[in-house]
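Peer 1: TrEMBL lists 46-106 with the feature domain 'TRAM'. TrEMBL lists 354, 385, 406, 454 with the feature S-adenosyl-L-methionine binding site. Taken from TrEMBL, the feature active site, nucleophile applies to 481. Taken from TrEMBL, the feature active site covers 481.
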Ligand SMILES: C[S@@+](CC[C@H](N)C(=O)[O-])C[C@H]1O[C@@H](n2cnc3c(N)ncnc32)[C@H](O)[C@@H]1O
């Protein structure tokens, strides 16, 4: 059923909605464009756009697409939804010079570890999950293989198979997300619908479609998020529906729901080994809701109060509005208390927090042991891209000093409060853009013994790699949510950066000691990795 829907481009608009943006996307027209491109014949590699064919999937590419080939050989075809060893029918969407892109129409012979996906939205285009139809042990095995493969191909690490440690799998594979963001849409206008007819159902709240930035799948449940978030979503879908006068007046774009409690295995005692302050809170469920709007959203106050009256676990409702996401409190507190690694964190709506509480604890333990701090609290730790301070604060009790640097001002403010709330007076946090201030970082923070970096998906800014290659902290602990950019940066740090004039690499001083993959996001293609680099002797 799901694959039949995916196979027919004309059905796509019925399952998608147009999100509101300040710059209005021309999404509905793109259906017409897509039809035009379907009829375009591209003969490169013998593949034709729109062609349907039987193939076998051989592996999973980074990002979750299946790597397929036609029986007669030819170009590699990256196919959405295909699993290794699966025999399937696909439809070619795009043909490039060296590869083609396709989506699955039908499974002929399934992956031997295929399972029934429990979510009603899986396979319907929702961008949330990739592997719900694959047994969890197979998911993590593939993630492990991808990390090794990227280190070999991109990082040029010859002993990648030895360096990469066994992946830390998740004990809790559903309901693990402590934060979910939903997109609000408005009904499309009459002229933007190709057949000129209004679609009464054409507004919704949902997740972005796979690979899209301007189309969503309407959903009423997400099996990855905290179940309490489903209840909040249901209330708001009823009381503040897309297209309602209030949603229109405030230009409501997105809805963020953040839940704080203790999923199975998140408590300090049950994991063991976390040496922190033991600040576990009372275990009560608390929820923050943020309405992200284009216009100031003071008029959302009555909805916020009604939500908190029906769902007393909602302790904070805020509005982030305008291009700078200016913050206003609609109900309760401005921040939400979150707990991880035996520490308490005051979290503003705009601050980053590890999205999987249970696996966040595991990640912290991996980082703590990767830092290999001495027992005498003599060492200085740098925590770059520190967010609200999670990693730096979790090693502060074993350090002389911790210095964190972070771009988002609210996160820096939270990090300072968090140091104080956890009684960690040896921590200092600085606000700044590490892409811009990297060259001057030495005048802002002391020379570290250990430097933790945890950048966004783009990896390290070039200027920061240059700074680290010059100042040479003895130990680098590189936490990454994108093993591809991490592999690139590891190569730069170990073999040296490419000299613009000579086009040769020079100056690499590090060696890669270990990489630990941690599965923070079961059922998705994402994998977190913690790499340790030391100065080569
Ligand atoms: C993956 S999060 C890690 C946060 C923190 N280490 C944690 O575990 O909670 C990356 C952080 O880097 C910050 N960031 C992104 N680009 C940055 C930049 N150019 N300079 C400084 N911080 C940046 C983001 O705001 C975010 O808080």
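Placement of Cβ uses the backbone N, Cα and C atoms for every residue, glycine included.
Because the structure is a prediction, the values reported are computed rather than measured.
Could you tell me the structural context for the features on the list?
Peer 2: Around the Cβ of residue 354 (S-adenosyl-L-methionine binding site), 24 further Cβ atoms fall within 10 Å across all displayed protein chains. In the three-state DSSP reading, residue 354 (S-adenosyl-L-methionine binding site) counts as coil.
Taking a C-beta cut-off of under 8 Å and a sequence gap of six or more, residue 481 (active site, nucleophile) has these contacts in its own chain: 456, 457, 520, 526, 528.
In the three-state DSSP assignment, the secondary structure recorded for residue 481 (active site, nucleophile) is coil.
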Peer 1: Counting other Cβ atoms within 10 Å of each residue's Cβ, which of the binding-site residues 406, 454 comes out lowest?
Peer 2: 454
